[in-house]
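Features reported for this protein in TrEMBL:
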type	residues	note
ACT_SITE	HIS295	active site, tele-AMP-histidine intermediate
BINDING	GLN80, PHE269, LEU270, GLN271, ASP272, GLN273	ATP binding site
DOMAIN	13-40	domain 'RNA 3'-terminal phosphate cyclase'
DOMAIN	47-313	domain 'RNA 3'-terminal phosphate cyclase'
DOMAIN	160-260	domain 'RNA 3'-terminal phosphate cyclase insert'
Amino acid sequence: MERAAAEVDGSVMEGGGQILRVSAALSCITGSSIKITKIRLWMLSGSVGSSEVTLTPGKIKSGNHTADTQTAGSVSLLLQVALPCALFADASSQLCLKGGTNAEMAPQIDYTVKVLKPILEKFGVHFDCDIRMRGYYPKGGGEVVVTVNPVKELSPVTMTERGNITKIYGRAFVAGVLPYKLAKDMSAAAVRTIRKEIKELYINIQPLQEKDKACGNGNGIIIMAESSTGCLFAGSALGKKGVYADKVGIEAAEMLLRNIRNNGCVDEFLQDQLIIFMALAKGTSRIRTGAVTLHTQTAIHIAEQLTEAKFTISKSEDELSSSVTYIIECHGSGASNTHL
């Protein structure tokens, strides 16, 4: 007898795309059918539609796969669905992802490579990311090839000690017809902003002109900070028509400083991206964060609904800091790769 599909409410909490991504990945990994109802779709006109999706997963296939948004839709968001699935395949997979590499409302591909990737290695996740072409709004045209090795199971991770910030670095880029001066202005404004608060560290934000490996016009900046215990944080921003380059640099710098100030071990963007891996790991993971975002609460809600994982969030007492931090603890479901 076939089990009835688990019904997921696509409108709960943060709603939208994240529920779709986490649900689809967990459905494929657990082999359980799901029906996602009340998905909020933002139409081009700005009106809201409602929809539902049913997914009945088969065996996860390794090999070469291509996904193309045909717009500036984010390749990093495509990877959020595909990466967990590829880990539970029977052999390594090559994912060719096409679309926007540095898009609004999504992690820049640089974030995926420089922040997410090193932290996922702590769970036992190994993937290589080859940025063959960068693509910008509105056309996209970017191409990233990701090679993923499968795992037998994921290890739990503990990140509760922040340590001191030891390194700050990044890239400020322009592509297409935009002048190189914009990259230098973004970099200089970001360095000035960080300097007001962090005086003792050398800050290396490289201004770059992207020539051959970029499709379309774009500019932006991403800045990373590393701590003595291996924690990673980032701040980023993309240029928009009519917005001064200085303002873009300052926005990214302020975002980074905000994430450093809260004294957690992950930034506001990493916390929700780690939930699915915590839920699948074998054992107990503990991660210290600043305020727990609605994105993270949504990911936890879906992970608990579709796996045996159990999460608790508790306030952390920290004498060294005036800021309130939280510990997200997860007893993982211990998903095992039956193909290995």
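Cβ atoms are placed via backbone N, Cα and C, with glycine included.
Put simply, LEU270 (ATP binding site) is 10 Å from HIS295 (active site, tele-AMP-histidine intermediate) when counted between their Cα atoms. Around GLN80 (ATP binding site), the same-chain residues at least 6 positions away in sequence with a Cβ under 8 Å from its Cβ are ARG21, ALA25, GLN273.
Of the listed recorded positions, namely PHE269, GLN271, GLN273, HIS295, the sparsest CB environment within 10 A is found at HIS295. For ASP272 (ATP binding site), the same-chain residues 6+ apart in sequence whose C-beta sits under 8 angstroms from its C-beta are GLN18, THR293, HIS295, THR296, THR298, ALA299. For LEU270 (ATP binding site), the same-chain residues lying six or more positions away in sequence with a CB closer than 8 A to its CB are VAL115, LEU116, ILE119, LEU232, PHE233. For the domain 'RNA 3'-terminal phosphate cyclase insert' (160-260), DSSP puts the residue distribution at 34 helix, 38 strand, 29 coil. Between the farthest pair of Cα atoms in the ATP binding residues (GLN80, PHE269, LEU270, GLN271, ASP272, GLN273), the distance is 13 Å. Surrounding the centroid of the Cβ atoms of GLN80, PHE269, LEU270, GLN271, ASP272, GLN273, where the record places ATP, the chain contributes additional residues within 8 Å, namely PRO107, LEU116, VAL266, GLU268, LEU274, ILE275, HIS295, THR296, ALA299.
Along the domain 'RNA 3'-terminal phosphate cyclase' (13-40), the predicted structure has mean pLDDT 90.
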